[in-house]
Amino acid sequence: MEKIIVRLHKKTYPIIITNKLFDDFSSFWPININDQIVFITNNKVAPIYLDKLTTLLNRSGIKTDQLILPDGEKNKSLNILNQIFTKLLKNNYDRVNTILIAVGGGVIGDITGFAAATYQRGIRFIQVPTTLLSQVDAAIGGKTGINHTLGKNMIGAFYQPIAVLINPSVLHTLKTKDFSAGLAEIIKYAIALDANFFNWLENNLNNLLTLNPSTMTYCIRRCCELKKYIVELDEYDQHARSSLNLGHTYGHAIESYQKYAQWSHGEAVSAGIIMAINAALHLKQFDKNDAKRVILLLKRANLPVQGPKNMTPKNYMKYMIRDKKSNSTQINLVLPIAIGKVKTFFNVKPEVISLSIQNNSY
Ligand SMILES: NC(=O)c1ccc[n+]([C@@H]2O[C@H](COP(=O)([O-])OP(=O)(O)OC[C@H]3O[C@@H](n4cnc5c(N)ncnc54)[C@H](O)[C@@H]3O)[C@@H](O)[C@H]2O)c1
Ligand SMILES: [Zn+2]
């Protein structure tokens, strides 16, 4: 079992990583007999894992309820959020005793967290992330929210869980495409923050792709440590946390343009990382050989290194101007200046952005 403690001003909580999570209640689950548990999950994850979790808690005398939502990024929406509130209100769940447990990927984690942040002004919630992306990134750090048709993650709150409980063995049932999406965020951490970790990924990617248990656990742990480090520095995303947005200004534009229905978040981030590198190359801030290393690693992880063919620079710009790092007149971007280091560039010229979106031949 691996344990990392996230220490914030108002809340301290553990991240636990163990393959025994679904077999051992008393060692890992911060739940008491009086707590009223509502599992929030989706129609893909529920048939595989919900019974196991319900049985585990019920065996220890904990009563559980559940809400199974439709799968997919387009359901990280106001309408589905309202379904959570309706379920809680109809069943008289109160502020003191209720704990929501998010069982699923980043979509379920983000919407459940936001429901917990806002239901009766805040109830407790636990993250049980079941995708690689959510285990290394989305479940940690308290960014919760939903999408709006006019922009990704535009409605939300900073609200921390009481625990993040990670079972890496659930990754066995993940589709290859969804697994790769997680690798995009992992590679993002390495480029943004940790050159040694980037080298490690180059050497260990094959073992990750075959789900080697010790390689997998090390990788998840390292990402959780990096995320903890950044979130403790800047819980409310005012300075350091923006480094984790590498590739996301472009990526979010792709997701919004496609109405959250085609590329996954991880795929969009992967193409976005390359666009950020292209911009840094145009600004003469990044090394061409390092750019080649990043492209190779993303390709080995089965990730896209170009944006969707039908999107024009204008399509990107429409959404990029609304990004949280930008303001209404200028686009600001987090760009890599070396492997392991990023910097925010303010008021990046539209020509540079336009060139960065086009395919680069290096
Ligand atoms: N809050 C944050 O800090 C943060 C950080 C990064 C990403 N995100 C958000 O996370 C979301 C993406 O998360 P994601 O990549 O996990 O996508 P996702 O939640 O859509 O999950 C991907 C797919 O895998 C399925 N799935 C989940 N667990 C499974 C399992 N163990 N076995 C088989 N199938 C399984 C899901 O049902 C879904 O079909 C985006 O909305 C993104 O904005 C949030
Ligand atoms: Zn992301």
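A Cβ is built for glycine as well, from the same backbone N, Cα and C atoms used for every other residue.
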TrEMBL annotation, Zn(2+) site containing E185, H248 - matching residue among H172, H265, H282: H265
Spatial separation of E73 (NAD(+) binding site) from H265 (Zn(2+) binding site) - C-alpha basis, Å: 9
Chain-internal residues, separated by at least six, CB under 8 A from H248 (Zn(2+) binding site): V269, G272, D323, V334
Other CB atoms, at most 10 A from the CB of H265 (Zn(2+) binding site): 27
Binding-site residues compared (D71, E185) - highest count of Cβ atoms within 10 Å: E185
